[in-house]
Amino acid sequence: MGQRVDLWSEVIKSEEEDGDIPKIEAVFQRRKKPDKSSEAVNFGWLVKGARTSSVNGPKRDSWARSLSTRGRESIAVRAYVNNQPQKKAAGRKKPPIPKGKVVKAPDFQKEKEYFRDIDAFELLEESPSPNKSSTWTMGEQVVPEMPHLSTRLEKWLISKKLNHTCGPSSTLSKILENSAIHQESVCDNDAFDSLSLKTPDKSSAGNTSVFRLIPSCDENLAAEDVPVRKIKMESIDLEDELKRLSLTSDLIPTHQDFDQPILDLLSACGQMRPSNFIEAFSKFCEPESIVKIGEGTYGEAFRAGSSVCKIVPIDGDFRVNGEVQKRADELLEEVILSWTLNQLRECETTAQNLCPTYIKTQDIKLCQGPYDPILIKAWEEWDAKHGSENDHPDFPEKQCYVMFVLEHGGKDLESFVLLNFDEARSLLVQATAGLAVAEAAFEFEHRDLHWGNILLSRNNSDTLPFILEGKQVCIKTFGVQISIIDFTLSRINTGEKILFLDLTSDPYLFKGPKGDKQSETYRKMKAVTEDYWEGSFARTNVLWLIYLVDILLTKKSFERSSKHERELRSLKKRMEKYESAKEAVSDPFFSDMLMDQIS
């Protein structure tokens, strides 16, 4: 065998003969600047991407990727262009000022003279001004801001300018507006005799004849030293007038002293401040002669001379006789309603509706303070004799009341003794005719004509005059005259406003005992009105006439025959078909009591 060859030793030997293998290392050096003199610039390295241009800066993943190759080239081009800041081109220079000439300051004398002439010229208005007709003159004119006054207080001040006596409530706004516009001179003592009151559309125009709504103020107010002078409406400054009156008298109420409803009541009552009881009663009688003659849930009744004074506490924060006291705004409506019904008693030759059925309101006063000892004495004497169902009248100093001063109408039907059937018929025909007249004049509904709200008295008169929609008629009285009172629940349309009491706020009124005639009548009223008490539903008057017939049949004793009772029952049956008192007054039951037939 041949000699074996050691391959590994040969390999090692050959490597030793060839020498060491050269090592490859990276060498870093500065890049040579391109030759600026060269006109051609090689951009090939940009496209190849072997290196990143230093002018581009670090890679921006957010927006650099969206740039096109062309766009990148344009950026590179700008990097090697002369990027030195360029000088701004010189603008046109102003010519130098010639030597020896002085530049004058601007002269606006002509302009000043022009505007001075304009300012001195009074320019008459060529279009209506929103404030008042005047001239525009140089300078700023400041229109004084009038303080906020209630409508009623404003009109009270206007009436004070026109007349030194107090007038009626301005709730019926047209009354005072019409009066103030037409009067430029001082009126006589019969204040507001020229006022008129609108009536519902169905009433004829003649029914808006002149009426005296509210009497003049009492002697104390009339005697006040308030200057009266001729004055035109446009020259009245309400703010100055209020300040002047405030300085001459401490009797004028302010908004700080009373709430607005009390101020409205003062205006409606013709007062500048509340009275105390002695002041109010002294006008009608000696205070020592005051006697209590009756009471009700909401107040007390006292006799003062030939008048009856009904006192109703208002706006207190505690209950009286178990009931919440009435609010001033509720009494305000009753005050206006009372004055409105007074018009039906006025004997005017042009009156379209007239009747003496509603009690005459002689005066209404707003009082404040506790009961006077004289009144407490009268109250306790009544309590000892009759046993009062009301609370003892212990009231605080700031308690307010409305005192209605009414004509003495006699005794109520509950206590009055009817002698015979003719007197009973007279009662029914007077009540029916009275409701019919008020329906025609004011869409009136009493809504609470129970036997305590009808007063009867005897007199020597055989007949009473009535006018219904212009037709005159005389009613036989047989010596008995009735007066309807208490308009608390009543509804009336004054021509300016509908006054009513929302009975939905008194659900207990309709929860009286079953079988009781008065309670049943309330429930029948509710069914007729469907709880819409503002609406006109003359049928409610008929319901109370039916109630009166029931009272005569079941509660009152008088001389009568079975024939008379049959006539009353027949009348009740026919009344079930009537929708108003105007229809009922034409019933055959009343035909022989009307000297002139109403049709």
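Cβ from N, Cα, C; glycine included.
For 287-599, the entry in Swiss-Prot reads domain 'Protein kinase'. Per Swiss-Prot, ATP binding site is recorded for 293-301, Lys310, 407-412, 448-453, 486-488. The active site, proton acceptor annotation in Swiss-Prot covers Asp448, and the record cites sequence analysis as its basis.
Sequence features, as recorded in Swiss-Prot, placed on the structure.
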residue: Ile293; record: ATP binding site; contacts (Cβ under 8 Å, 6+ apart): Ala301, Phe302, Arg303, Val308, Trp382
residue: Thr297; record: ATP binding site; contacts (Cβ under 8 Å, 6+ apart): Asn321, Gly322, Glu323, Asn390
residue: Gly409; record: ATP binding site; contacts (Cβ under 8 Å, 6+ apart): Val308, Ile359, Leu455, Leu456, Ser457, Ile482, Ser483, Ile485
residue: Asp448; record: ATP binding site; contacts (Cβ under 8 Å, 6+ apart): Asp486, Thr488, Leu489, Ser490, Trp544
residue: Gly452; record: ATP binding site; contacts (Cβ under 8 Å, 6+ apart): Asp412, Leu413, Glu414, Asp486
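According to DSSP, Gly409 (ATP binding site) is assigned to coil rather than to any helix or strand. In the structure as shown, the Cβ atom of Thr488 (ATP binding site) sits within 10 Å of 20 other Cβ atoms. Mean pLDDT, taken over the domain 'Protein kinase' (287-599), works out to 93 on the 0 to 100 scale. Packing around Ala301 (ATP binding site) is summarised by its Cβ count: 18 other Cβ atoms lie within 10 angstroms of its Cβ, all protein chains included.
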